[in-house]
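Enquirer: Below is the structure I would like to discuss, written out as structure tokens.
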Amino acid sequence: MSLPQRPGKASPRREDPYSSFRESSRRRHRTHESAHHNDSSAESPSGHRHHRHHRSRSSRRREDVDEERGEVGAGSRHKKTLSKPERSRVDQSHPHYHYRQKSQNMPTQPSTTGDEPLMGAEGEAETNSSQSMDYKGKDRVYVTEGNINQPLERLPNRRRIKKRRSSRKITRRAAAAERKRQEALEQVRAPSPWTTYCAIITFWAPDFILKCFGMPKKAQRSAWREKIGLISLILLVGAFVGFLTFGFTATVCGTPPTRLRINEVSSNYMIFHGKAYDLSHSTHPAAAGIPAGSNVLWDLPHKYGGQDGSFFFQEVNGACKNLITLADGSDVPTNSAGDLAWYFPCHAFNQDGSSKPNKTVDYYLGWACHTSGTARKTFYNLKSAGDVYFTWDDTKNTSRNLAVYDGDVLDLDLLEWFNASQVNWPSKFDELRENSKVRGVDLTYYLQTGQEKRIGQCLSQIIKVGSIDTDTVGCIASKVVLYVSLIFILSIVVVKFIFALLFQWFISARYAAPRTSMDSDSKTRNQQIEDWANDIYRPGPRMTDHSVVERGTKRASFLPTTSRFSSPYTVSNGGKQKYQYVTMASQNSTTRLVPGAINSMYKQSHNSSGGSIGPDGSRHNVAASRSSLALPGQDSRYSTAMLESEAPGMGGYVHEGVIPQPPPEWQPYGFPLAHSLCLVTCYSEGEEGIRTTLDSIAMTDYPNSHKTILVICDGMIKGKGEEFSTPDIVLRMMKDPIIPKDEVQSFSYVAVATGSKRHNMAKVYAGFYDYGEDSIIPEERQQRVPMMVIVKSGTPAEANKSKPGNRGKRDSQIILMSFLQKVMFDERMTELEYEMFNGLWQVTGISPDFYEVILMVDADTKVFPDSLTHMIAAMVKDPEVMGLCGETKIANKKDSWVTMIQVFEYFISHHQAKAFESVFGGVTCLPGCFSMYRIKAPKGGQNYWVPILASPDVVEHYSENVVDTLHKKNLLLLGEDRYLSTLMLRTFPKRKQIFVPQAVCKTQVPDKFMVLLSQRRRWINSTVHNLMELVLVRDLCGTFCFSMQFCIFIELIGTLVLPAAIAFTFYVVINSIVHKPVQVIPLVLLALILGLPGVLIVVTAHKFVYVLWMLIYLLSLPVWNFVLPTYSYWKFDDFSWGDTRQTSEGKDKGHEAGEGEFDSSKITMKRWRDFEKDRRLRMQMSGWGQAPGPGGYPTYQDPYGGH
């Protein structure tokens, strides 16, 4: 991106490639709006600034930065350097590209380095929402600066209609032109390497054949080819692992020859020159003292079996020529060339070296020396049975005089067999024989040059008795690879185990709430959780009251306790710096959310309806309900208009039963309270499941003044076997609506879909949770919890079609995420989002920008009473935590064998995998059934907040509607929950995603194998593709092998080779049983991998029953590691939800591409401010209004008696 500009610097030139995005066409078209917005933003005050500065402060900070960096002159530029992340080029692959694009249209620019935001150049501040206000002169409807209550002018109806029609025509033309441009690009765009590979690997299946097999669409054929390409890669990885496991040693080491250890050669063999020969079936021709056909091993008077007969076939006249010469008067035959017939007397000796020199002559001179050509040829044709080897310990035997040369073992005592009357030998031979220091030593280095080398070679030819026990280079390499792999795998297994224990014992307690309404004894609480988790419909245990206001002693100090170097996140406490938790409410502690003194209601239980308002609302009047209107720290973008007037059902009206906000210092659980949204996404769930889910959320011990239930129904769906549709079921669980349910209208919004389905409509219902007449929760324990229901009803065009309004769970999440982004950035919003804004205001009395965290729960999940408190405590205690999850327990453990095999799998995935990842703050999968995300986080100076879940980069990528590749479909259609976790880590790799074991929920898992098969198909495929995304993120914790990126890579490879791994495991076990010797190392490794989780159970679970669940899991390993992955890989191109979610119309076939064209002119988008002005205009025309008080604001009435 372009570098931050100094005051007075000229605008970047068009030819500057680093400034291209600043001069985009979108920005040039809005140039005339920049100055206009700058004026208004400069005049509007801001209480708690999310990411906004005052002009004067920004200018001062910018000048300070220049001075600190030693740069002189307004026109100086920073030099580009690789050491500054904020100076890197920001293109669409940058993790904060969209955030930069959004924030450049605001008065400040963001920082990704931890510094406070830096101001951009003058004239850079503008807003996306200004496009809806492109009016000039006298006919302009609204003004963007000043008081919004000033008289308003309207355009004539004819002009407005004409302008609207013109806008629709322009939109249609632009869409058609864009579609044609995309089609042209598709035709000329070169295929990617991956597409080319898939086409090559599937050349044998042309398109016309695939069409015959039920793939008429190009997208289907493309997905099938990509599937085959992925399967081929999986097979290659599996083959590589198999080769490394079994084939590498055989390839580089080969089949080792048969080797016989010295002193263990049996009497069936004779040894010649260090090799053993099997002579048990041999016969000897007739010779002196040897009858014809006799066996030399047993038939002769002297038994030669097991002896060394090297002197029978001596190697002469080779390297020893001219070293060993004929003595004077010798009887050894020789020729004219000086060749000798033998060197030693031709006698055998014992293999253990115990024979004494024998210089006698039997029968005749040269008897048994085998000097004839026939004898030599017969010997050379013999095949040796194997080498005779010595270990290094054998060479150090004190009873023998052994040395080693070039791998050959030499018996120096055999030099005593020389007959001085027959031959002469070098004196070096005697020196070596008499030197005790050479015993058991390798003489190769000592005898390596010149004459000494000849001596060593000569000795190897005449006194070699065997070979040293050594491996080839290939065998050594294979052993190195084996042991390195063993150490590597063991290190991963052991480190994961140890770190999981460390997290359980020491780290996890830091994130938990100091106290909750549950029993403080951990054993008692664990037992309560286990009992509660055994039945899906069992309510949580009774809660105790811990609503004690936390106040610190505030003594005035004569000396200053802070300085300009003090952190805004710490407060002085007796000379020590104590960390101060930061929330939206705590930052406004000097001006409370609810004006007035602390009332006695805060001393009562916050979850008791009697302390705040009765179930019928009788204890609250209108004045009290408006107590939350005066939000001194609230952003002026919203607060000004809200305080102006209160038309029933619109933005200014607050429900009479709204729950008063406690003062910020009220900390019932030892940490500042943060406002939370509890998102429950529904599809086809039944009444009983939804009821228990909402009951569990409503009955959590977290104060109901700081939690709001938000239910989103994904279409007009009726579950299988249900009497009512899911929206009707949910609406029957809401009471005291702001607007009567039959009067609620549908509003448009931009859905996550393609074609005409991109336009969708939804209804917004706001009220309070209704426990029902037959509730199992006693009335005195029922809390009054704000509730909002969004029903995606669909457009009129799809009213008669199947599942109107259904766009998927991701679309439901995007409705909320996009809304929060637009609230935080003050962007244009749809009519649906405006109604959501008003609905939240009306039932809570606070602005939606006060919400900091979102709890995401599926409609079939039940939450333990203190789980929400523990999760929010972790968020408040550590601002770096951007996401977390709790433990999911199985409620139907004993329903069938299918549920039984899942119990331990759930346990180990949390307490080992997620616990290990939490140590580094990089949990790769936050399950969508029970997780929490941070909407925004404090950063930098006081009152500075940066978007996290509401970040444009997260929202933009998560709302991707063009899903045209196999990879994208597996990410966005099957595993959207896991992809959201991936997006968060990819966008904010330095922040944390953790596991909070104190937060617990329960759910029902599939009890039929086909349902489990369908569920795991989606999970495994999405896991593979999400790991492919995460393995490319290089900024995660750690470096090289000691990093989360490396752990993710290992996990990806491990997931891909699961079928091959279980096959190899069975092979090793069976091979160890059948063949000897037993392969010890693989068995030890297997025992450690499977046994350590059992130790983890004993240490962390404290219940023996989980050991039994582990044994059941081990018996089902073929299902987990072979059946499920193999089925999933073959179904890579199946994007339906299968048997997991069934409706009255049958199985869910997924969300296919929408037909037709998207007409954006049907969706009205304005800033909240503009919507509110429209409402006021309608109020003025209807003649309704409230008499303003002093200063133009309505008269404020203190609910606590103050004035």
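We count from 1, first residue shown onward.
Even glycines carry a Cβ here, placed using N, Cα and C.
For reference, Swiss-Prot lists these features for the protein:
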REGION    1-182  region 'Disordered'
CARBOHYD  Asn38  N-linked glycosylation site
COMPBIAS  47-60  compositional bias 'Basic residues'
COMPBIAS  83-94  compositional bias 'Basic and acidic residues'
COMPBIAS  102-114  compositional bias 'Polar residues'
CARBOHYD  Asn128  N-linked glycosylation site
COMPBIAS  157-172  compositional bias 'Basic residues'
TRANSMEM  228-248  transmembrane segment
CARBOHYD  Asn358  N-linked glycosylation site
CARBOHYD  Asn397  N-linked glycosylation site
CARBOHYD  Asn419  N-linked glycosylation site
TRANSMEM  487-507  transmembrane segment
CARBOHYD  Asn588  N-linked glycosylation site
REGION    604-632  region 'Disordered'
CARBOHYD  Asn607  N-linked glycosylation site
CARBOHYD  Asn800  N-linked glycosylation site
CARBOHYD  Asn1021  N-linked glycosylation site
TRANSMEM  1046-1066  transmembrane segment
TRANSMEM  1080-1100  transmembrane segment
TRANSMEM  1104-1124  transmembrane segment
REGION    1182-1203  region 'Disordered'
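Please situate the listed features within the shown structure.
Expert: Taking the Cβ of Asn358 (N-linked glycosylation site) as reference, residues of its chain lying under 8 Å away and at least six apart in sequence are, in sequence order, Pro345, His347, Phe349, Trp417. Look at Asn358 (N-linked glycosylation site): DSSP puts it in coil.
In sequence order, Gly440 are the residues of the chain that are 6 or more apart from Asn397 (N-linked glycosylation site) and have a CB within less than 8 Å of its CB.
Taken residue by residue with DSSP, Asn419 (N-linked glycosylation site) is part of neither helix nor strand, so it is coil.
DSSP assigns Asn800 (N-linked glycosylation site) to coil in the three-state reduction, placing it in neither a helix nor a strand. Residue density at Asn800 (N-linked glycosylation site): 7 other Cβ atoms are found within 10 A of its Cβ, drawing on all protein chains shown.
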Enquirer: Tell me whether the transmembrane segment (228-248) sits in contact with the transmembrane segment (1080-1100), defined here as at least 3 Cβ pairs under 8 Å among residues 6 or more apart in sequence.
Expert: no
Enquirer: What is the interatomic distance between the Cα atoms of Asn800 (N-linked glycosylation site) and Asn419 (N-linked glycosylation site), given in whole Å?
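Expert: So the alpha carbons of Asn800 (N-linked glycosylation site) and Asn419 (N-linked glycosylation site) sit roughly 115 Å from each other.
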Enquirer: Please state whether DSSP places Asn397 (N-linked glycosylation site) in a helix, a strand or coil.
Expert: coil
Enquirer: What same-chain residues lie close to the transmembrane segment (1046-1066): Cβ under 8 Å, and 6 or more beyond its ends?
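Expert: Same-chain contacts beyond the ends: 233-234, 237-238, 241-242, 245-246, 492, 917, 924, 1020, 1023-1024, 1027-1028, 1030-1031, 1036, 1038, 1040, 1086, 1117-1118, 1120-1122, 1125-1126.
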Enquirer: So of Asn419, Asn1021, which of the glycosylation sites has the fewest other Cβ atoms within 10 Å around its own Cβ?
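Expert: Per-residue Cβ counts within 10 Å for the glycosylation sites Asn419, Asn1021 bottom out at Asn419.
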Enquirer: Quick check for the class: what is the C-alpha distance, in angstrom and rounded, between Asn1021 (N-linked glycosylation site) and Asn419 (N-linked glycosylation site)?
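Expert: Their Cα atoms are separated by 82 Å.
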